[in-house]
Amino acid sequence: MQRDSDPPSRKRSGEPASAEEAGELKDSDRGGQPGDEPQGFVPKDEAEYDEPHEEGPHGKAVLGIERKLEHRAEEAAAAASSPYALMGYFSTPADIYHACEALRDAGYSRFDAHTPFPVHGLEKAMGLKPTPLPWLVLGGGATGLVSAVLLAWYTQLHDYPLIISGKPSFSYQAFIPIFFELTVLFAALTCFFSLFALGRLPSFFHPTMTHPSFPRATDDAFFISVEVSDPKFDATETRNLLQRVGAQGIREVSS
């Protein structure tokens, strides 16, 4: 049954209905005022840029890992920018020698000198203790000698004895080359690995390398770096002390 208000010509001819007749409702027909969308409705342009919200235990785990990674990245950035030492350079060996004496007398203990060649007496000027390397090498050589004697003794008396013409079972004169070789071998290996351990090697990066003039440490400049971890360190006082002893290019280097 047709309504009287419907134009008969349109219904007979099959022409498309208007937008309102085709199903597009006005805001008032949706049950709200213009601009009031249903709960949970997100416009398409906003949904494209909105961050996805993970659901379930897997989503929470991923979110937790991302937060941990961000926190670690922030900690690494803060550590990378933390100051390591105050650094300056000198022109002559005598200058750096007297500067080390001044720092030692002022009570500084955590500072280092970087020179293009060994400076005689610099360890004493810095107040460094004697290196334990000679004693370590001596201990390694003694260990090698004892090992060689025990090896020869065990071989001749227990493992493979040779009883010939009434000769003594253990004749040390025949094994002197073995004693010498093992003594030198153990001493050399001890020296090699001890140098690595005492020198904290290998070291592919050091904060002092960030000083723009530090490449001159292998050419014609003598550097001193005073670490901020030194109990006597004070940014202003330490800088003034380095200036008084003739340091040039004083700047703070970061780790």
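Residue 1 is the first one shown; counting continues down the chain.
The backbone N, Cα and C atoms fix where each Cβ goes, glycine too.
TrEMBL does not curate its annotations; it predicts them automatically.
The compositional bias 'Basic and acidic residues' annotation in TrEMBL covers 1-14.
If you look up TrEMBL, you'll see 1-59 marked as region 'Disordered'.
Residues 170, 172, 175, 178-179, 181-187, 189-191, 194-195, 198 of the same chain, all 6+ positions outside the transmembrane segment (133-154), place their C-beta atoms under 8 angstroms from a C-beta of that stretch. Residues or ranges marked as transmembrane segment by TrEMBL: 133-154 (among others).
Through the fold, the transmembrane segment (174-199) approaches residues 131-133, 136-145, 147-149, 151-152 of its own chain, all at least 6 residues removed from its boundaries and within a Cβ separation under 8 Å. What TrEMBL lists as transmembrane segment is 174-199 (among others).
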